[in-house]
């Protein structure tokens, strides 16, 4: 994942120092893009160990339409703990918007079911989009969506996906985001009987937190290793029927984990 290291170098060289909501401070660039050919390996960062188990459980949690962290806690995933209220609720975050976007008439739109049906019936559509950025409900969310919307694209029998991330914590969050959406693309491709194309990541405010600089320097001192392979072991009847044990990551040989504080 040399692209990921190149992004870090770009921020350090070309970024500007900015204040932020958390009060931590960042070095930031605006507008950046990376492209990963999913047929050439699973894009999981190798210059530090990433917790793929948490990534899988979080994605399955999104797809359930869940917005309470009980499922995550039951599976020893703590990445949302800092934002949940005393009951474990987060408000209408990703899962709610993906699976039950509210309409003015009081009904709800299941965007995931809708986009899969559209990929199957209208693969050339330019409207294969899922959005988590519901302006009318932002004030009810514990955290406004960082990975705000994504679009699918079908060409030559291959499925590609582009994510727009309006705000990106490059050291801690980005490796999770890339792996999560790459895996989602694999799942949707399987459900739609398509081969794998590219995952394209596009960032808005793309930043390194000021208290991640030592960790960034350590990571930049390491050489990337070959990408691992992700295998989906079965094809369930629906995108919503995948289980944790359906995914097998192989040949992942990362450098050691690098600990860093989360800006809340």
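Just so you know, glycine gets a Cβ as well, placed from its N, Cα and C.
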Among 21, 35 - the residue Swiss-Prot places in the same dUMP site as 126, 127, 166, 167, 168, 169, 177, 207, 208, 209:
21
Neighbouring recorded positions, C-alpha within 10 angstroms of residue 169 (dUMP binding site) - of 51, 146, 263:
146, 263
Residue 167 (dUMP binding site): which of the recorded positions 51, 146, 263 have a C-alpha within 10 angstroms of it?
146
Cα within 10 Å of residue 21 (dUMP binding site) is the criterion; apply it to the recorded positions 51, 146, 263 and give the hits in sequence order.
263
